[in-house]
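Undergrad: Below is the structure I would like to discuss, written out as structure tokens.
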Ligand SMILES: Nc1ncnc2c1ncn2[C@@H]1O[C@H](COP(=O)(O)OP(=O)(O)O)[C@@H](O)[C@H]1O
Ligand SMILES: O=P(O)(O)OC[C@H](O)CO
């Protein structure tokens, strides 16, 4: 029997484990909600013990549901919410504080101070990122400064820092392995993405002792084995990647110019830019897409903090809808004569605006505006935000050798996944606003698929990539299947007019506007 692969996807709102059979066919899925903690406005925390218990429970449940045992597994792949910070005691394995989540804005002032003192240029040059509270370093510095005794303990080498993957790896291996992969390291603000190493200048800038950092490995590597009591026998952990990077692999975006966008709570679009990093001139992020055999592939990333969360707000905050799926039906019924724009700046605006102080706004209300127009505006906001990201990407790659617009001919094709792409109406409007095809695949668990693929690659189940051109043949051609392509139907002038209305709404929403 061909060995099985187990993927652990530790996300912001849930933890999922998926067992994959031969040819990466999903065989069993287990999932558990992750409780959220909001101790102050703008603060978001997770209990590390909840993360750990959720991982244990779902790994065990997926294996049992699939009628499999530890000995049937060729490996485990871990993929995770990125940037979230855990700090724990090496001796006891006990976290010294709750995890500070990527959405947490408590370090907004510290980031503003970095920008004002002219430090952002160094940060961007080394890490491809910006001085924004989204990333790990200022959160880690906050923990070292606010948890009693933590800084002294850290300097004595008694504490370990990790993104969620590192923390899970530490627990799964019984405290034997303190490591991460290059994609997670690339989100900390402490990692030089060109050299592929922790950066001493940045460690000094943020006041982070080197002794607490994990070792950085390839995405497909030997990360150690699980302790026997976890699944009944030791299982090798053979893949790690941040969730958006894993989705980029799961969407088989292996050639430069290929692009995917994931629509869950937020939205993350990644464009493969090949072996050389492209540093954005339009406030996008430059990040490591994957590191295999010591060679790095880079991506341009647009991160939007709120996408499907707007739909949740219509349901849970306003009570305008009973289920997320109702929004599509309402959008269809909405009055075409009303131009209502909803700018979902609930936690500020992400790429390409990076305005932490902005707050949400709705424009164009009349006495005829009802829930249908609001539902349509919520769905449209996701497409307009994507258009802003893709416009910035197109401008960044114009003239870059080897990063032509992807897919077929000169047209940019967007591969989509995440809970929100179930909405046909939204996907059609997305194609209309982008003026580009939108491809929805058959397997929607692209994040877990990417993690399983990494573990299978390391286990030797899949042929190793012998060069950039071999990877798509080894995976994309065999494991990615189109479920439906949405083609643009709206006249280009109409799409341009609506997008201009959106940009005006964003301008009026921004804190300096
Ligand atoms: N049919 C639908 N139409 C519009 N939005 C939807 C639909 N189904 C799910 N969603 C939205 O998708 C999101 C869930 O996607 P998911 O990928 O599970 O998110 P996450 O992994 O970030 O928790 C929710 O915000 C929900 O409102
Ligand atoms: O957990 P998700 O799917 O919402 O993804 C979170 C991202 O990794 C944050 O950068």
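Note that Cβ sites are derived from N, Cα and C of the backbone, with glycine treated the same way.
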Undergrad: In TrEMBL, the ADP site includes 12, 16, 265, 419. Which of 54, 224, 308, 460 does it also list there?
TA: 308
Undergrad: In TrEMBL, the residues 82, 83, 243, 244 are said to bind glycerol. Which of 134, 263 is said to bind at that same site?
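TA: As annotated by TrEMBL, 82, 83, 243, 244 share the glycerol site with 134, chosen from 134, 263.
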Undergrad: Looking at Cβ-Cβ distances, which residues of the chain lie under 8 angstroms from residue 14 (ATP binding site) while being 6 or more apart from it?
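TA: Expected: 31, 32, 33, 34, 54.
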Undergrad: Going along the chain, which residues six or more apart from residue 82 (sn-glycerol 3-phosphate binding site) have their CB under 8 A from its CB?
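TA: Within the chain, residue 82 (sn-glycerol 3-phosphate binding site) has Cβ neighbours under 8 Å at 102, 163, 183, 184, 187, 242, 243, 244.
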Undergrad: Near the Cβ of residue 83 (sn-glycerol 3-phosphate binding site), how many other Cβ atoms are there if near means within 10 Å?
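TA: Result for residue 83 (sn-glycerol 3-phosphate binding site): 25 neighbouring Cβ atoms inside 10 Å.
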Undergrad: With every protein chain in view, what's the tally of Cβ atoms within 10 Å of the Cβ of residue 312 (ATP binding site), excluding that atom itself?
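TA: Residue 312 (ATP binding site): 15 neighbouring Cβ atoms within 10 Å.
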Undergrad: Which value in Å gives the longest Cα to Cα span across the ADP site residues 12, 16, 265, 308, 419 as recorded?
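TA: Taking every pair among 12, 16, 265, 308, 419, the longest Cα gap is 19 Å.
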